[in-house]
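Participant: Annotations for this protein, taken from TrEMBL, read as follows:
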- 24-46: transmembrane segment (TRANSMEM)
- 58-78: transmembrane segment (TRANSMEM)
- 90-111: transmembrane segment (TRANSMEM)
- 117-134: transmembrane segment (TRANSMEM)
- 141-160: transmembrane segment (TRANSMEM)
- 180-199: transmembrane segment (TRANSMEM)
Amino acid sequence: MFKSKDAVSTETAKKTKSTDQGSLMMALLPSVILYAAAIVLIALTRDDATGTIPYWETFVPVVAFISLLSGFGQAYVRDQSYLFYTLKQVLHWGIVIGLLWLLHTHGVRAALDDQKYLLVLLYLLGLATLLAGLHMDWKFVFFGAFLAFCTYILAAPENVAILAPLGETFGIANAQDKPMAMMIGTAVAAFLASTLVLIGMRGAILSKRVSAARA
């Protein structure tokens, strides 16, 4: 028997949900890794900033790799060539990693003490992630903003004063005395925001595939 177009569309949607899209938990795994690793590194940085520099330097290519993998869905929705998207990501993160290499090879790293170099590294990573989000994958906008916020808090003890109005806004008493808790809370908020973007993106992908099946 021949199936109607509506039946085909419904069947296609079900198959797409169960197979092509994969589970939401698997899709969230890269973000979970990023935020969990960042929180651990931030906690370690508060205790021993100098000792965490190699870990942060290693974290940069990890962020770059996850950024590359997680943006293919958005490229698909935009009808963007996967090759063009990959080249953009490689160029973007290649410039960032190349800049860090130049800091080491041209004496800039040696001219900075560990504290200042770490701040440069973290601000650079936050800005690069933010730009990657704006141009290639909106989920990374929230991660970049989270990194920039945490770097500002870590930069100087007096910067925790910014937490007071935030605490008042969300009903948290003495927020300036709880910087780590506030940074974790910011990570949770950023993660939830990126999850909403991911869910919206998965819906757009599903809708596009169903439309293609109807055509």
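The backbone N, Cα and C atoms fix where each Cβ goes, and this holds for glycine too.
Please treat TrEMBL annotations as automatic predictions, because they have not gone through curation.
Help me understand the surroundings of these features in the structure.
Facilitator: Panel annotation: around the transmembrane segment (90-111), residues 57, 60-61, 64, 67-68, 117, 120-121, 124-125, 128, 131-132, 135-136 of the same chain, lying at least six beyond its termini, place a Cβ under 8 Å from a Cβ of the stretch.
Panel annotation: around the transmembrane segment (117-134), residues 45, 49-50, 52-53, 56-57, 59-60, 63, 67, 71, 89, 92-93, 96, 99-100, 103, 109, 140-145, 147-148, 150-151, 154-155 of the same chain, lying at least six beyond its termini, place a Cβ under 8 Å from a Cβ of the stretch.
Only residues 6 or more beyond the boundaries of the transmembrane segment (141-160), in the same chain, are considered here, and those with a CB under 8 A from a CB of the stretch are 31, 34-35, 38, 42, 45-46, 49, 63, 119, 122-123, 125-134, 176-177, 179, 182-183, 186-187, 190-191, 193-194, 197.
Within its own chain, the transmembrane segment (180-199) has Cβ neighbours under 8 Å at 24, 27-28, 31-32, 35, 38-39, 42-43, 46, 138-140, 142-143, 145-146, 149-150, 153, 163, 166-167, 172, counting only residues six or more beyond its boundaries.
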